[in-house]
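In what follows, a single structure is set out as structure tokens and then discussed.
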Amino acid sequence: MNVVFPGSFDPITSGHMDVLTRAAKMFDHVTMTVMHNARKQGRYLFTLEERLQILRDATSHLPNVSVDSFGGLLVDYMAQEHKGIIIRGLRAVSDYEYELQIAHLNRQIGEVETVFIMAATRWSFVSSSMVREIASYGGDISEMVPRASASALKLKFADVYAEREATRSV
């Protein structure tokens, strides 16, 4: 069975990787789909192309995982790709309430099912926005993201990391 794991992945975190790795064991193939919204274009830290490359690098060790992108309704992508199951990771009850609403809508308008996978407890506090915030101050994000994301974030905030390193050397 082939499934889709959608998200903005700006950037992919260790929590995403945890859910992905477990989904890859449960299903024949997982397509990581970077959803991009033209109305949110200025809000992304990484461009679509950068996010796709980070995902490819982070998932290259998983033979049954591929990377794609789409800029419309997820149910339209699912129909276009002939896929019927969405994978969503959950960190807390608050995620569940939101995701349940979306799952019901996806089922109603696109006849698509959603499978929820609970993130491991150690990743329940990690989000892409928190990782971006920590990285923007030069903080250590190495445990919170795969190596590909950490490298990309350090490049994006190279001046901050260089300044932080310089102050440590003094």
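Backbone N, Cα and C atoms are what each Cβ position is placed from, and that goes for glycine too.
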Site co-member for ATP according to Swiss-Prot, given Ser8, Phe9, His16, Gly89, Leu90, Arg91, Trp123, Ser124, Phe125, Val126, Ser127, Ser128, Ser129, out of Glu81, Glu99: Glu99
Proximal residue to Lys40 (substrate binding site) among binding-site residues Ser8, Leu90, Val126, Ser128 (C-alpha distance): Ser8
Recorded substrate binding residues, Ser8, Lys40, Leu74, Arg88 - maximal Cα separation rounded to whole Å: 21
Number of Cβ atoms other than its own within 10 Å, given for Leu90 (ATP binding site): 19
Cβ-Cβ distance under 8 Å to Leu74 (substrate binding site), same chain, at least six residues away: Val4, Pro6, Thr33, Met35, Ile86, Asn106, Gly110, Val112
